[in-house]
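The transmembrane segment annotation in TrEMBL covers 6-25, 37-54, 77-95, 116-141, 180-204, 224-242, 262-289, 315-340, 361-380, 392-411, 418-437, 443-463 (among others).
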């Protein structure tokens, strides 16, 4: 129980930092974007800490030890590449538009109708990702208390803790707690990796085990079907993460356009490298205590890492590890609770009810509480679903419904509102057909829907009709106002 006490103190410390940050919140811009004033180091830490969540520490190692590098192409490879792509191709253009949410872009470019639909796609996509963090909080607290607190009760406790500081401080609380939590993550996991390597007889023994078990195989079997499903897995988070509010918030929270661009690139690169550490530790555990690893491999691979730490590490390392795990999970949970609520209020609720800045801030806080409770209920109903699957499931909505309108809207002047609607309709129909028929066993639904949506937006935008001509004309006449709404 000493471990549980130390972790409890850590949770209180995190809540304290978050509540301190809440004193900086005076407006919706402060709440959603930290007043667009974050320096580079905080943009990097906020990006890294948000992405380095439960799936990175618990889900990904379990996938890696079971399926090798091919099994983690979605996460962390795909998600880290998404951050780099955002920094290279999207950040500067979006930052100059001075938007509050990514949904605001859809309104300016295509109108309110597309704003509503794309924003709903974005909001729905967070359900699985936040559920993964809640599930991880429950799992970790259950292990820490040696089963004294059930997973379900632990989920409730974890959700309340994260909700307390996020609902008051918004992005300011997320940014400051992320900075603190990233330090804990890096130090904790690095020291655990050194100790685990020593237990396994050195790095060479660990890498030899990985080679012998073909864990470094990254590409699929050399067949059309194998490559199609591999590409589908790769784009799930690589493409699905791009039109997301949490990525957008880190871009728009930056102090300058330069920071907005290089912050995600540095954060994504660091994340890709550092995500290998939990995978290294789980292989070291399989070498050091093969019986334990083999037993859990057949029941729940995501428990190998926490069980190894709890049963075979000294107390001080256990404190660091579980502090790092909770840091990773809480940083992601807070960010992914905040992102959909700001999108919902700004891009859905405001189109129904006129809101002043003060009322909008209050609405964001109330919506955050409602969303958190909804996610908690969903997490409890999905208890037992692997964390990695919960996170990966979350990204199918934006891949089909939000990526092409954003990308073509930024880079192609002929992209139109009708093209967006045609894209969303065709992409959804193809995805649904492949999902619910046996054809999906040959062609992955996500990839089919993604390609169909992209082609449909191009074709729909090029149809010679009055609506398309008016949309292109409106963009040509107003693009300077839309693209350079504020000084960058």
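Even glycines carry a Cβ here, placed using N, Cα and C.
Since the structure is predicted, the reported quantities are computational estimates derived from the model, not experimental observations.
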Q | Result, the transmembrane segment (361-380) in contact with the transmembrane segment (315-340) (3+ CB pairs under 8 Å) | A | yes
Q | Among the ranges 180-204, 262-289, 392-411, 443-463, the one whose Cβ pairs under 8 Å to the transmembrane segment (6-25) are most numerous | A | 180-204
Q) the transmembrane segment (443-463) vs the transmembrane segment (262-289): three or more C-beta pairs under 8 Å (separation of 6 or more)? A) no
Q: For the transmembrane segment (262-289), could you work out the same-chain residues 6 or more beyond its ends whose Cβ comes under 8 Å from its Cβ atoms?
A: 40, 43-48, 51-52, 56-58, 60-62, 64-65, 72, 76-77, 79-84, 86-88, 91, 185-186, 189-190, 192-193, 196-197, 199-201, 205-206, 209-210, 215, 247, 250-251, 254, 304-305, 308, 311-312
